[in-house]
Amino acid sequence: MTGEPSFGARSTAARTGAPGSWPYLWALPPLAALGLVFLYPLALVAWQSVSPEDGGHSLAPYAEVFAETSFGTALTHTVLIAAGATAGALLLGLALSLVIAFVPFPGGRALARFIDLFLAFPSFLITLALLFLYGTVGIANGVWTDLTGASHGPLDFLHTPWGVLLAEVTYFTPFVMRPLLAAFSQMDTGQLEAAASLGARPWRIVRTVILPEALPALAAGGALVLVLCLNEFGIVLFTGAKDVVTLPVLVYSKALLDGDYTGACVVAVVNIALSVALYALYRAVMPRTTRTTTAGSSGRTAGARNGGRAAPRTGGVPHRAGVQ
Amino acid sequence: MAAAPLPAQEVCRTVLVSSKPARRVLHVLFLALFLPLFALPLLVIVAASFATNWSGALPSGATLAHYRELARGDALTALLTSLGTALAASLAALTAGTWAALAAQRLGRRARRVLDGLFLLPLAVPSVVVGLALLVAFSRPPLLLNGTPQIVILAHTVLVTAFAHQSVTAALARLDPAYEQSAAGLGARPGYVLWRVKLPLLLPSLTAAAGLCFALSMGELSATMMLYPPDWLPLPVQIFAATDRGALFSGAALAVALMATTLLVLLAVSRLRTRAGYR
């Protein structure tokens, strides 16, 4: 052979932490592309946010935006709706996953698949569907008017934050269920059997055996959903409510409806700061998830037999949405 | 030992709630939550797309008019626009994401974390902000893309690359290094190992990632709303325009078209994937 080290040897060397010049060169083209179409534009947004219209550079745009009441309400709405939707999705996702995994019924697996389908569809479809379910025309109010003969039904919450909350809980619950179901399917069943044979009641088994095992998956799913809720735009836009304004909607309306790009950039920077901080937290939680969920499985073959279903690394992200 | 995990699972499933009535109650509760929340939304959209009015418990005025509308005019253009955008964006994202994932694998631990983090960053940044950023960056020289279809495709690419990168990274981590090591040990050059050993092994994951990217791009609304030029209206924008002017039922028909197209492509991709898996 020539003196050139083989590919395998080089990659092992790289893995053990001895960097050659080649690996970095290979990483350059994708990095350059990412820099041009993503990092450079983001930097420009940050730059524009400190460049007021009348020239020069200062923090004046921030002071201006922070003083607006619309910003304050948008920030509160965003955080409250995101926190509420995350809590709702966690509770609902945990309950549904527990039934699918531990109280199985025929077709339960198919239902789990069906939930995956949600991840392939855009979020705004949920708001559209809710309009036909609970809107001023639609099933719920239709049933009410049919039964009571009233001229219009009692439900009119879709244009309020509650409508957004319901849509977000519905849409994001599958994001919690995927990592949870993966974690459940890899759980060491010996503990459960031991607890049950010692006479522990189901609720106690859930609390003391299942939940501690599932906690990392739950945390990862929750953190991801929180970030996605903070960034959600389609659901809020389709609600069409003038008084439900979140940070992404404020970015949109400032830039496109008011033409105030500097203001939009300020709101964008605040939104990025919020989301990226949370995302960093999520990434910090992720490695723990990987360790815990793989520890229960009997090594490589078990994971392979699941068809990579568990894919702990991908956590709650729909890496396989509907395709398997 | 070979078939151990599955039977063990069955055992644990039956122990948790052993009494039959209790199981029945749980299942009824489950369906009472599941059906209205997850099954009904998709059903009502399909039902509404065939209706002209919905003031009672059920829709009324059965019609195919919305679908006839769909077959001609703007809706068809929008569907083709979405298909084109999604195809271009997922191919570009797959290339960039796979390249980055392969390159990251050869880096040291810390450098790999940085590269992965950078490529996953678009997941954390709001899509609207990605749209705004591209608008700010490419409305000025040297690159003037504002008002062109390319800027929409670019935005979609940025948004879905993270998913492609993540899928491929996960697949690479599951890949048995023995294959490439033995190929390299037999004297195969790095390029040959990549092309004839690694990529074929990754093919199932690559097609799955492509399907996911395609589906996400088909439904992308946030960044598109910031960027779309008047002559490049993807389907989600059309759906929003329809519902915004109160045409809920034609909006529903458009949504059905969107869902059906996405599902068809996902189905085709998963068949392709099974075939690739058998190779």
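Cβ atoms are placed via backbone N, Cα and C, with glycine included.
The transmembrane segment annotation in TrEMBL covers A:24-47 (among others).
What TrEMBL records for A:75-282 is domain 'ABC transmembrane type-1'.
Here TrEMBL flags A:79-105 (among others) as transmembrane segment.
With a cut-off of 8 Å between Cβ atoms, the residues of this chain six or more beyond the transmembrane segment (A:117-137) that come close are 152-153, 155-158, 163, 166-167, 170-171, 174-175, 178, 232, 234-235, 237-239, 318, 321-322. Residues annotated as transmembrane segment in TrEMBL: A:117-137 (among others).
The transmembrane segment feature in TrEMBL is assigned to A:157-177 (among others). Distant neighbours of the transmembrane segment (A:157-177): 77, 80-82, 84-86, 88-90, 92-94, 96-97, 100, 112, 115-116, 118-119, 123, 126-127, 130-131, 134-135, 218, 221-222, 224-225, 228-229, 232, 235-236, 239-241, 243-244, 246, 316-318; these residues of the same chain sit at least 6 beyond its ends, with a Cβ under 8 Å from one of its Cβ atoms.
Per TrEMBL, the feature transmembrane segment maps to A:214-241 (among others).
The transmembrane segment annotation in TrEMBL covers A:261-282 (among others).
The region 'Disordered' annotation in TrEMBL covers A:292-324.
Positions annotated as compositional bias 'Low complexity' by TrEMBL: A:292-316.
Here the listed stretches are A:24-47, A:79-105, A:261-282, and the one with the most C-beta pairs under 8 angstroms to the transmembrane segment (A:214-241) is A:79-105.
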